[in-house]
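J.: Please find one structure pasted underneath; my questions will follow.
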């Protein structure tokens, strides 16, 4: 422990004395950025048969308690995770991430089974073994890849790769002649469980492709793949081309329908606006008409005023009588104002005309 503490102190001193980007150190008041050594993030993980291992050095497996507490930098905990990794997806990456983070100092070794083993024990794969090796190599959490990994882990394989723990989800993985291929690993105390990611798996991806096979076949035919490459018969090829043309016609009809709906909607909006404006103008017109020609309109008042003025002009006002009980005696003759002479007597014809005019004036007054 003392040696480990002294190594940490020396490492801190080296970090402080390390020059910064401009040649300055932390002691000069300018914090320096130490570049991390992240080979796994810059290059693909190496294959196990390309790494030279010094088997002369003794190897002692660490316990779970020691691994959880932390190990020295030169002695990482070697964790092994295996699988098929066909159509490498986020579920695979999450499982490897969990295996990498099981302990503070972990060296993750990933085994990938060959095509022969996989086809015999599990079934046909979409990707061949080289494609699957390459996919796992480029996962950021992987430190080493084992090609042609065994289906069942043997003590010799564990010793050869100096494996401390095996990481896998704790669901029993059955195989030919065994209910759980990790049973002996669990009994030896070397099993480190991880959690399976729900909703994503290679089988689910293949199911989606099979379910929508016609869609993907038509898409690849459009992109230049031949019917022979897609293993599509002549009749199905013509059917897919016909469906594609029908879909194009449907799309055009749908576009026209949408545009016509938009046009009709705009026309309706415009018509509603015009109707509203027409109603407003009609109300204004009716109101103006009633104000002018209605029962109490301005025209009737004008006619009444004109009629009254005409009546005043035609018949002047009579002077009040001297006595209300005394009746005025008809004058025998008409006298011109400002003259002392009496007018001559009226002829019978003139007298009848005067009576008729007086009768008309009296009728107008009664009206």
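Every residue gets a Cβ built from N, Cα and C, even glycine.
Pulled from Swiss-Prot, these are the listed features:
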| type | residues | note |
| --- | --- | --- |
| BINDING | 84, 85, 92, 122, 168, 169, 173, 195, 196, 197, 200 | CTP binding site |
| BINDING | 122, 151 | phosphocholine binding site |
| MOD_RES | 1 | N-acetylmethionine |
| MOD_RES | 8 | N6-acetyllysine |
| MOD_RES | 233 | phosphoserine |
| MOD_RES | 321 | phosphoserine |
| MOD_RES | 322 | phosphoserine |
| MOD_RES | 325 | phosphothreonine |
| MOD_RES | 331 | phosphoserine |
| MOD_RES | 333 | phosphoserine |
| MOD_RES | 343 | phosphoserine |
| MOD_RES | 347 | phosphoserine |
| MOD_RES | 352 | phosphoserine |
| MOD_RES | 362 | phosphoserine |
| REGION | 272-293 | region 'Autoinhibitory (AI)' |
| REPEAT | 319-324 | repeat '1' |
J.: Let me check the 10 A CB neighbour count of residue 173 (CTP binding site). How many other CB atoms are there?
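T.: Other Cβ atoms within 10 Å of residue 173 (CTP binding site): 15.
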J.: Measuring CA to CA, name the entry from the binding-site residues 84, 122, 200 that ends up nearest residue 233 (phosphoserine).
T.: 122
J.: For the repeat '1' (319-324), what's the mean pLDDT in this predicted model?
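T.: Overall, the repeat '1' (319-324) comes to a mean pLDDT of 51.
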J.: Can you tell me how many other Cβ atoms are located within 10 Å of the Cβ belonging to residue 84 (CTP binding site)?
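T.: Step by step: centre on the Cβ of residue 84 (CTP binding site), count other Cβ atoms within 10 Å, giving 22.
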J.: Calculate the distance in Å between the alpha carbons (Cα) of residue 196 (CTP binding site) and residue 151 (phosphocholine binding site), and round it to a whole number.
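T.: Per the Cα atoms, residue 196 (CTP binding site) and residue 151 (phosphocholine binding site) stand 20 Å apart.
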J.: Spatially, and counting Cα to Cα, which of the binding-site residues is closest to residue 151 (phosphocholine binding site)? Options: 168, 173, 200.
T.: 173
J.: Would you count the other C-beta atoms found within 10 angstroms of the C-beta of residue 92 (CTP binding site) for me?
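T.: Here the count is 23.
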J.: Can you tell me the CA-to-CA distance separating residue 173 (CTP binding site) and residue 122 (phosphocholine binding site), as a whole number of Å?
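T.: Here the two Cα atoms are 11 Å apart.
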J.: How far apart, in angstrom, are the most distant Cα atoms among the CTP-binding residues 84, 85, 92, 122, 168, 169, 173, 195, 196, 197, 200?
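T.: Site span for CTP, by Cα atoms: 21 Å.
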